[in-house]
Amino acid sequence: MRRISTLYGVVDKQAIFFSEVVIGISFNSILFLFHIFQFLLERRLRITDLIISLLALIHLGMLTVMGFRAVDIFASQNVWNDIKCKSLAHLHRLLRGLSLCATCLLSIFQAITLSPRSSCLAKFKYKSTQHSLCSLLVLWAFYMSCGTHYSFTIVADYNFSSRSLIFVTESCIILPMDYITRHLFFILGIFRDVSFIGLMALSSGYMVALLCRHRKQAQHLHRTSLSPKASPEQRATRTILLLMSFFVLMYCLDCTISASRLMHNGEPIHHSIQMMVSNSYATLSPLLLIVTENRISRFLKSLLGRTVDA
């Protein structure tokens with residue numbers, strides 16, 4: 001009876017896990033294809049649109065890697081070796097770093113876009129896409145430099161018996177590090193994450209201040225408590241602020257679960273729960289952007305209309 005309940009528990013987690021992957025890949029594909037069509041029609045993309053399309057592509061890669069790792073969590077065939085373990089772990093970390101950097105960069109560039117002409121940030125408004133890509137690479141290099149150890153401490157499980165081992169999947173484990181090395185990389189990771197969250201907080205706070213100032217000016221000019229219709233830049237700013245809030249919430253939840261798992265030497269099934277939480281941003285952020293972006297809604301309606309007419 002206990003085996004049956006355990007089996008049902010694993011099947012339920014597996015269904016949720018793969019549902020998250022399928023839903024996330026679907027939404028990110030829609031978001032990415034929309035920006036591809038926009039580029040083909042208009043022959044240009046705003047910097048923020050370019051970053052969003054890159055973010056969708058990064059999330060597609062993250063969720064694909066997550067699907068491969070899920071196969072070994074729920075249905076291990078014991079065929080994974082060190083190369084597979086290290087490759088998938090390194091690729092997932094690389095893509096997760098790019099996701100964090102792109103989200104941070106999106107917040108910064110939206111703050112620059114919203115800034116008034118008198119602001120010191122105005123001179124950055126018309127920078128080329130090459131500058132934005134270079135900025136992304138610089139942020140990503142900083143991210144990766146503070147966490148390279150993780151990928152190299154993952155190996156295939158060759159019947160290690162130590163209780164201090166942490167399982168990543170059924171076939172892959174994280175080898176324990178000595179006290180000094182572990183705490184050194186922990187401090188570096190905290191410094192890295194606080195730096196990125198701090199940049200997001202500063203740019204988000206700046207955008208909130210600009211929106212509040214614009215609202216007061218609009219109320220003063222129109223002599224009414226109702227502000228006029230928001231501009232596209234202001235609507236985009238509110239969407240990105242919502243995106244930043246969701247990212248920080250998921251990040252804090254991921255850190256809490258990760259700390260709990262490390263304290264209790266979590267099994268692969270516990271790691272799968274952490275993976276579901278850590279990848280929820282990649283799954284739900286495109287849905288948030290699709291729902292709040294009028295251009296995408298109109299594009300989908302016209303596409304569905306043509307399909308029905310055909």
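Easy rule for this one: first residue shown is 1, then count along the chain.
Every residue gets a Cβ built from N, Cα and C, even glycine.
As annotated in Swiss-Prot, CYS85 shares a disulfide bond with CYS172, one of the listed residues CYS172, CYS212, CYS252, CYS255.
Per Swiss-Prot, GLU42 and ARG295 occupy the same side of the membrane [matching topological domain names]. When Cβ-Cβ distances under 8 Å to the transmembrane segment (184-204) are tallied for each of 21-41, 47-67, 239-259, 272-292, the top count falls to 239-259. Non-local neighbours of the transmembrane segment (272-292) in the same chain are 13, 16-17, 20-21, 23-24, 27-28, 30-31, 52, 55-56, 58-59, 62-63, 66, 69-70, 73-74, 96, 99, 235, 238-239, 242-243, 246-247, 250-251, 253-254, 257-258, 261, 266, 300; each lies 6+ residues outside the stretch with a CB under 8 Å from one of its CB atoms. In three-state terms derived from DSSP, CYS172 (disulfide bond) belongs to an extended strand segment. CYS85 (disulfide bond) falls within a helical segment according to DSSP.
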